[in-house]
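Peer 1: Quick one: this structure, given as structure tokens, is what I'll be asking you about.
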Protein chains: 2
Amino acid sequence: MVNTLFLPELREMLAEDNSAELLEFCTALNAGRTAEFMEGLTEDEMWRVLQFAPPDRRVEIFGYFEEPRQVDLLQTQDAAEVAALIERMPSDDRVDLLQQVTPERFQAILPLLPAGDRRDIQRLRSYEEETAGALMTSEVAMLSESLNVRAALDELAKQASDLETIYYLYVVDDDSRLRGIVSTRQLVSSLRRPDRTLGDLMETDVVVAQVDEDQESVAEKVERYNLLAIPVVDQSHQLLGIITHDDVIDVVRDELTEDAQRIAAVAPLEQDYLRIALWTLSYKRGIWLIILFFAALLTAFALEHYHDEISKYVWLVSFIPLIISAGGNSGSQSATLVITALTAGEVELADWKKVLSREVIVSMVLGIFLATIGYATALFMAPTPLAAMVIPLTLVAVIIVGCFFGAALPMLFQRLGLDPAMMSNPFVAGIVDILGIVIYINIAQLMLG
Amino acid sequence: MVNTLFLPELREMLAEDNSAELLEFCTALNAGRTAEFMEGLTEDEMWRVLQFAPPDRRVEIFGYFEEPRQVDLLQTQDAAEVAALIERMPSDDRVDLLQQVTPERFQAILPLLPAGDRRDIQRLRSYEEETAGALMTSEVAMLSESLNVRAALDELAKQASDLETIYYLYVVDDDSRLRGIVSTRQLVSSLRRPDRTLGDLMETDVVVAQVDEDQESVAEKVERYNLLAIPVVDQSHQLLGIITHDDVIDVVRDELTEDAQRIAAVAPLEQDYLRIALWTLSYKRGIWLIILFFAALLTAFALEHYHDEISKYVWLVSFIPLIISAGGNSGSQSATLVITALTAGEVELADWKKVLSREVIVSMVLGIFLATIGYATALFMAPTPLAAMVIPLTLVAVIIVGCFFGAALPMLFQRLGLDPAMMSNPFVAGIVDILGIVIYINIAQLMLG
């Protein structure tokens, strides 16, 4: 829903080059809302409006545009103006965006930046994706432990506008190795004893992220310890940067969305659904569909094998989809519950016996219930009430098998160091489909033949 | 993984009543880690160790215990000690926990609390679950706009230890109506101009949550505007409390986990997988399994209807599971992608044409590919190469139908004001299964008969 409320006025102001009113527009509301009112403009218009805002405000408003638009603007607008904007952006955000412009464009912008920013960008670009290094910002308040409260506040006042967050102060030694942290809360609480030093105040047992640590593990720490930001260090405990809480929410969201997609047998998109190339989308879905397809082909061969039995009892055919889907649905329920419980840390591998025994009990309850309905239906189609018993017996067996494998495979894959969300569904579906057919025909042979 | 490293030492200290060492244990590490080292203790031991910590530290360590243990401790330990702890806990957390103790216990603890806390607890308990009111904490720094920077900092220093977060100051009028906010960052930046007032500094265009607003909508605002905390107001704009970023991460996590469970046709558990009663679990899975089962029953009746055709062409039976699962899998991929994209805001209802046309293109690509493999297999089982063509033609048609309904139904349900994640999967599965069978038999009749 694009907000078009101010578009005519904005265009008129632009036509008149009315800098006073455009400045007023850029500063009167909060930056997020200002950005929303600009969404309906063309990119050239957006960029022109931005130029009327004070530089810090410009960066702030720009930060609320949608990411693809941000990339387009950096790609197409005046290089000097773009460089001026990039210079003031948070260091993690600008690197993210610069990864997405063309290499030619990147090389055109880079020389226009001050040497310090250039080095910072090159350094952050060198960290591998999905690690702490790739998420962090290098703007961080590093102070010495000999500073007292009053001096620390003054120092902070000087730096505050350049830093992404000032909610922790990081105390470092001369080699910028992390010694401890002081929260702004502690600093403010100590205002009445302004001669205490940061060394007196600091907490030395600090939760840190290693620069090459996986982003999910970092997010877990931030969540577990309710941190606003986590410091990122290298092997020698040198402080390289911090990761802030808003980046962590993004990681949690991405991680869980990937889980949901993997559970449905789609390789994680890693891009917006509407923006991803159709070719890539086909590929990411195709690989799993093909694996699932081969699993289903096995059922075709199994059924072919029982060709003679089927010719004899054609009424059994009507129930094939029912039986397969009962097993598949209960299996995918179990798999999803176990996967989400593993992700949330509610279940650990050590709980496997408990999980499996719960699944078996639940599947018996569900199986007996569905079998009763199934039997009532089978009575209409089967030649005798005894023959109809094939259906409920098969249903109970297939649902137990579905729940058992649905719960067991994610834990097995986790145990083997594989992603439970990624691997389980196709295997659960494949195993349950084929076992379902085999169980069905064998129960039928036993009962009828 | 329970950390057992310090357990023998801790038990020895308890046996000796060694208050110096126990105090040292409670304060040397950060509170989260201290709590981890206590996990292996019995609840009585945990509680006794806690009593050696200074009161604020005690609350902090307690906050890192797992929630079920927290509830057990409040339920079973000495009521006076429990009340002393509750008095100092963040107001949102304590209400959450008190909702989970028995009513008798709640009535026993309540009279031991100061009148102010009692009223606060009663008020917060009155808000409906999953609303802003139920998430918020009522401890918030409310200041008057006439205060200058220096005085505001002094005031903050006084309040800092009682407040959950001090990263925004809330400026209110005499009736505690919200007038604006000042971030601690702005306050600190302005330290060199200490005579400016909060009224000069404050941002008046504030993003707020209404007290009865749904928690997902609140989380969306906090994410969109990268807030550390969002103020909660009532209809007259009176400031009632704030919701902090850590509670928002929990909401995002819960919301996405619920989505994943709904996609797999499980009613959201709302409890830990291992703690939920088996009866409840059976019920939450059973309702959807039964709906899915009735959908599958329709396929049984459809196949029964085509009894004569099946007797004539028994080789077609072998491919029934393959065709059903190809449609079901591609449909559930589409449904999951559209649901997660709707949740993430990447897709809006207005995009429906674009979504459906993308799905049709992708499904044709996938369909033709799978149909080729299917044809190669069918050649082995069908009487003639022409007869074998039934399989690839059906596969293409079923996969297109699967993707189309998989993408269309979540958007339709959203349009109707229903939760797309909850409703879609069973309907997609039901529709695709039955259409798959009908398409299959009709193509077979056309080609063979």
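All positions are counted from 1 along the displayed chain.
Cβ coordinates are placed from backbone N, Cα and C, and glycine is handled just like the others.
Annotations per TrEMBL:
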{"type": "DOMAIN", "residues": "B:136-198", "note": "domain 'CBS'"}
{"type": "DOMAIN", "residues": "B:202-258", "note": "domain 'CBS'"}
{"type": "TRANSMEM", "residues": "B:287-307", "note": "transmembrane segment"}
{"type": "TRANSMEM", "residues": "B:360-380", "note": "transmembrane segment"}
{"type": "TRANSMEM", "residues": "B:386-413", "note": "transmembrane segment"}
{"type": "TRANSMEM", "residues": "B:425-448", "note": "transmembrane segment"}
Peer 1: According to DSSP, how is the domain 'CBS' (B:202-258) divided among helix, strand and coil residues?
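Peer 2: Across the domain 'CBS' (B:202-258), the residues distribute as 24 helix, 16 strand, 17 coil.
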Peer 1: For the transmembrane segment (B:287-307), which recorded stretch in the set B:360-380, B:386-413, B:425-448 gives the largest number of Cβ pairs separated by under 8 Å?
Peer 2: B:425-448
Peer 1: Which residues, given as numbers and ranges, are at least 6 beyond the ends of the transmembrane segment (B:360-380) yet have a Cβ under 8 Å from it?
Peer 2: 319, 322, 326, 330, 334, 388-393, 395-400, 402-404
Peer 1: Against which stretches of its own chain does the transmembrane segment (B:425-448) lie, if we need a Cβ under 8 Å and a gap of at least six residues from its ends?
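Peer 2: Contacts of the transmembrane segment (B:425-448) (Cβ under 8 Å, skipping residues fewer than 6 from its ends): 262-265, 288, 291-292, 294-296, 298-299, 302-303, 306, 309, 313, 316, 319-320, 323-324, 327-328, 331-332, 335, 386-387, 389-390, 393-394, 397-398, 401-402, 405-406, 409.
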Peer 1: So what pLDDT does the domain 'CBS' (B:136-198) average out to?
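Peer 2: Here the mean pLDDT over the domain 'CBS' (B:136-198) amounts to 83.
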